[in-house]
Structure formats: structure tokens, C-alpha cells
């Protein structure tokens, strides 16, 4: 299974980075071999997704005069998403053994109450750029240990505030970072998107949402803070500047590598990213083992790379299958939906683009309340809307709206991956973490997003 996924990654890179278009057939064949290998070990979620994919494949064959085109398009998107997830997983594997990452995590969770929200929100966001969902596995147990070592009567409140800060900060990477599934999908799904403008708008909104989350936290816990203002607390630990420097160096190396690959191969930013990540991972692992000497460092790095293929790739099979099959389903649904039907549905809103955007943004988090994967909602909405002639929303604004909907689904749905991860780590229900702890914030963030997008349309 690991070998099949390695072929998917290499063939997809050959297609997307080096323009070898026939490599997509190799990637598709390897992906189907991977799916067949997963069949004996399917979970309930994967079984449902593959069943839906099989039904949609049959409908495409029966209804379409040229079923091969949408099926290949769906497989191409599926292999692209699988490659993106697996390369990000390589980055997470390297980060998991980095002392700098661990030092930064410890520092963030030991901040005093006055600046703890901003520290954890920002830290969850920045570490999420490297660790993706792994940031929750890093900071979640640290927060739990810190809470348990303090005053038992305050444990639940402290845990709620700190976990909420991380859960609100991490998803906002979806709004701007090219190193996320969302941004990769927006660029490939919606022709005409301006990646630079999308990045700048998303980054500006990220800072605004930091303020919204901080405000909600301060208002909700204002009386609690005032009652404890007289208590003397130990000073915060000194900042681990060396660890911060190491993290900045890795981020700079990744950004620089992406730029070099983009310029050298003349390819879009996301294919450049997935091409650069393996190179950065090899360098990072070698740097971690530099103290062993040149020969031993090379051997150890090689062993870790082999372990990625033989252990990490197979272990990531459920997430890879879920994400890629969801992308396949979304592409087929969007293809099978008649454009005239979608056009008729939005015709009453042609003169009210803000209302249309409000509905688009709301659909993704609302659908996620019934465990509907956000990637399916985003692909179906984006793929269907972009085919409507005279759509009153430009592609970049549509991409931002879809990314915002996806972002809101993560802290706001009990079935989102972050809430499921944190629920398992903290032994709490998804509804407690999402609705009770972050329901008000999600509504405030939705209103903020809508106001921001309304203003962005005027720029």
C-alpha cells in the first residue's frame, strides 16, 4: 500500500511539476490499486464514501455521452489531493521529532492568562502551517497536563479557554496558506482565481478573526478574570529564541524552495509547494541528525524516509482515502449537475450577490453539522457555480467565501476532524467542544467574514 501511494505521489509530481501529462494515468492506476488494497480494512466512513463514489461512477457512465472525461477529471483531482496530503504528512513527520517544535509548544502553553489566548491562537496557527492537524496532537496533551497540575476548581475553565484558542487559530490557515488543502483546491477548481489577491485577503481576515476570538474570550470570561486579578502568578518562562529561530529558518527554507521551484519550472505555486516539500523534509531530517556525523546522518535520514513510505503512508490511508474520495465525489456531482439547474437556483439572487455569498458561506458549516465532509460541499459548490454563465461573484471572492465556509466548519461542527481529535484527547464530546465552547465565536466569525467579503468586493 505504501508503494502504491509512493507511485501516486511521484506520478502526480511528474504531471503537475514537470508537465508529463501521461503520468496522470500512472497516478490514477496506482490510486485505484491503493483503493483496492484498502478494501479489506475499510472503516464505516470510508465504506460510505466509496459506495457513493461507485454509484456516481455508474451514473456518469449511464448519463454522460463521454463518461471518461469526468471520471479522469475526478481521478486526477483525487490523486492531486492524496499527493498534497501525503507530502504535508512528510513535513509533519519531520516536525514531530524537532526539539524546536516541542520547545515552542511548551512555551505557548505556559503563558500567563493575560496573553495566553493570543499566544495559543497565534501559536496554533503558525505551528499548524508545519504540523497541520498534528498541532492539535502536540498542544492538546500539553494543555491537559498544564491544567491538571493547577487548581482543580479552575481546570475546566482553563482547558476550555486554551483549547478554544488553539481550535480557533489553527483553522484560519485555510484562508491564506498555500500549504493547505483548501488553497490547493481553490486554485485548481476555480479558473480565474488570483492566488496573490486570495492570499492577501485571507491573511487580512486571519488577523481580524484573531481579534474577534480574543474579544469573545475577554467578554465571556471578564468577571472570572476580575475575580482573580489579585492573585500573584509565577513569571512566564523565558522565550526560547533559539527554537523560534529554528522554526523561522525552516519556514524560510520552505518558502525559498517553493519560489525557486516555481521560477525554475514555471509552474503554479501549489505544484511548486508539493515538489519542494520532500526536498525540505530531507534537509530538515538531515539537520536533526547532523550530530551523528555525515555517514550516520545519511543512513539515519534514509531509514526515516523509508519509514515514511512503509509506515507513515499506510498509517495515513484512512485520511488519504477520505480526502481523495471526497474530492472525486465532489467533482462528479458538480459535473453531473446541469448548469442550467444551478443557474435557475441562483437566478433570484443575481441582483443580491451579498445574500448569495452569505448562503454559500453558510452551506459548508451547516452541512458539516450532519457529518457532510467540507471538501465535498466545497467541490460541489465551486464546481457547479463556476460553470454558471454570468455568475455575479468573481472567482477570487467565490474562492474566499468557500474557504471561509470550510474554516467555520472546523471549530463549529462536532463532526469536524479537529473536534474529533480533541474530543478523543480530552475525553470530551464533539458537541461540547464545538457548540458549547465555540458556538458563539463561530456565529461572530460568520458575521465578520460576511462583512469582510462585502467590503473586499469593493476593492
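The backbone N, Cα and C atoms fix where each Cβ goes, and this holds for glycine too.
Database features, via TrEMBL:
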TRANSMEM  24-40  transmembrane segment
TRANSMEM  47-64  transmembrane segment
TRANSMEM  84-106  transmembrane segment
TRANSMEM  118-139  transmembrane segment
TRANSMEM  173-191  transmembrane segment
TRANSMEM  198-215  transmembrane segment
TRANSMEM  241-261  transmembrane segment
TRANSMEM  268-287  transmembrane segment
TRANSMEM  321-342  transmembrane segment
TRANSMEM  354-385  transmembrane segment
TRANSMEM  397-423  transmembrane segment
TRANSMEM  435-454  transmembrane segment
### Task
Counting only CB pairs under 8 A, let me know which of 241-261, 321-342, 435-454 has the most with the transmembrane segment (268-287).
241-261
### Summary
Beyond a gap of at least 6 residues from its ends, the CB atoms lying under 8 Å from the transmembrane segment (47-64) belong to 35, 70-71, 321-322, 325-326, 328-329, 332-333, 335-336, 373
### Query
Between the stretches 84-106, 173-191, 321-342, 397-423, which wins on the count of C-beta pairs under 8 angstroms to the transmembrane segment (24-40)?
321-342
### Touch test for the transmembrane segment (84-106) and the transmembrane segment (198-215), at least 3 Cβ pairs under 8 Å
no
### Positions whose Cβ lies under 8 angstroms from the transmembrane segment (321-342), at least six residues beyond its ends
31, 34-35, 38, 45-46, 49-50, 52-53, 56-57, 59-60, 63-64, 70-71, 73-75, 77-82, 85, 181, 185, 373, 375-380, 382-385, 387-389
### Task
Report, as numbers and ranges, every residue of the chain located at least six residues beyond the transmembrane segment (118-139) whose Cβ falls under 8 Å of a Cβ in that stretch; write 'none' if there are none.
88-89, 91-92, 95-96, 101-102, 104-105, 108-109, 111, 162, 165-170, 172-173, 177, 179-180, 206, 210, 213-214, 247, 250-251, 417-418, 421-422, 425
### Task
For the transmembrane segment (241-261), could you work out the same-chain residues 6 or more beyond its ends whose Cβ comes under 8 Å from its Cβ atoms?
17, 91, 98-101, 103-104, 107, 126, 129-130, 178-179, 267, 269, 272-273, 275-277, 279-280, 283-284
### Residue numbers, six or more beyond the limits of the transmembrane segment (397-423), whose CB comes under 8 Å of its CB atoms
133, 136-137, 140, 163-164, 167-168, 170-172, 174-175, 182-183, 186-187, 190, 193, 198, 201-202, 205, 357, 360-365, 367-371, 374-375, 377-378, 381-382, 385-386, 391, 429-435, 438-439, 441-442, 445-446, 449, 453, 456-457
